[in-house]
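Accompanying notes for the structure given below.
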């Protein structure tokens, strides 16, 4: 198999975002991304500041079990963009054989066959504030391939920093009205260590987003969520 | 039809708890409960402190539309225990005809045929700290009736105040391993108006609960969540 560049494996902890919010899970965070979002909260996965370790499937499973013991039954693969790595297919397959559920988050730019095996796929197209462009035809095809699976789920998640991002979210929601849609408060203060200030700031931002969604007749079906791990632990990595 | 005692209709706002957390929704809060939980956060529905209004189906729908306008497509029925009221069947039917999704929360003690029509049913058995007893055979039957529906969901939610409550949650989870299970931090400070203190206190309580769930090999599948509306708005009613 191809080895996978892994930046961190940690947990069990709580998934802080999106469709699986609150779920007890282990995290595998892979290195590398085809995007460079201006506000990326995991820029260490692609900016060269941290060194990934190239691991094969057995090494990844062994690390999960050493760190998590018997206290997990759910694994989230995050990045960076984990869809860069074909080698994850064997990891997903082995986790499934062990009866462990899997989730992944990706922007939906690169297809991998193993995406079809993931129980909970979160596709997170990036809004204008990120500085990235969306290839809509590519996204159409990505969602089409994931939406017709049985007993597996797919959702969209958009991080919102400003009103243009919210307009973008409306566009995405209208393009894919039957896909569960999550809006999430963006965190533009990635460097602060003042957790008390950050908490207050992010809850204010969350309330503002809630109020805008409440007022919009075009966003009646969506879910609006904060990042629970940031409310609890601020910008700390590996929790 | 039988009229329904309604204490408040409000929204659109965000569902702060459980399986539909973050969902934009209207709330119908009915009066009356067969339980008297020691820590009930809506005791005004049954302690005589607030007067319910007896409304028929047309009046309930009209109020929803007057208050919510066109800015909602989801209605949550809460209480008290809304399962006391057979008259809600017509409300649920009319909402369905309008293409509006419905959710309900009940402790699972009283059956109503309209439960089967609700898109998202949250059953919240009450743990020891509530002072209430669980009738397990009744709960078995309740869950059995709701679990075999197509395209509709059922979940369990347990509010946790102490370690005995967490043991109770383990029992519930082991009895119904295939039902999605949500654990929620209890709020024992229902009277405080010091929202800043309450926020800090509830996040500490939430972190403690997260840590206990993380450590338990018997709670690998659960989701652990705070009450988002209490983090945002404290103990304020009608939000």
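Cβ from N, Cα, C; glycine included.
If you look up TrEMBL, you'll see A:14, A:15, A:16, A:29, A:78 marked as substrate binding site. Cβ-based neighbour count (10 Å, all protein chains) for residue A:14 (substrate binding site) stands at 26. In the three-state DSSP scheme, residue A:14 (substrate binding site) is classed as strand.
Annotation source TrEMBL lists domain 'Radical SAM core' at A:20-235.
There are 20 other CB atoms within 10 A of the CB of residue A:37 ([4Fe-4S] cluster binding site), with all protein chains counted. Annotation source TrEMBL lists [4Fe-4S] cluster binding site at A:33, A:37, A:40.
Among the features that TrEMBL reports, S-adenosyl-L-methionine binding site is placed at A:39, A:40, A:41, A:80, A:124, A:125, A:126. DSSP assigns residue A:39 (S-adenosyl-L-methionine binding site) to coil, not to a helix or a strand.
Here TrEMBL flags A:42 as Mg(2+) binding site. Around the Cβ of residue A:42 (Mg(2+) binding site), the number of neighbouring Cβ atoms within 10 Å comes to 19.
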- Query: For residue A:39 (S-adenosyl-L-methionine binding site) and residue A:33 ([4Fe-4S] cluster binding site), what Cα-Cα distance in Å is obtained after rounding to a whole number?
  - Reply: 14
- Distance [Cα-Cα, Å, rounded] between residue A:14 (substrate binding site) and residue A:37 ([4Fe-4S] cluster binding site): 24
- Task: With a CB cutoff of 8 A to chain B, go through the binding-site residues A:14, A:29, A:37, A:40, A:42, A:126 and name the hits, or write none.
- Result: A:14
- Message: Cα-Cα, whole number of Å: residue A:29 (substrate binding site) versus residue A:80 (S-adenosyl-L-methionine binding site)?
- Response: 7
- Note on the structure: The rounded CA-CA distance in Å from residue A:125 (S-adenosyl-L-methionine binding site) to residue A:78 (substrate binding site) is 15
- Message: Spatial neighbours of residue A:126 (S-adenosyl-L-methionine binding site) among the binding-site residues A:15, A:33, A:42, A:78, defined as Cα within 10 A: which are they?
- Response: none
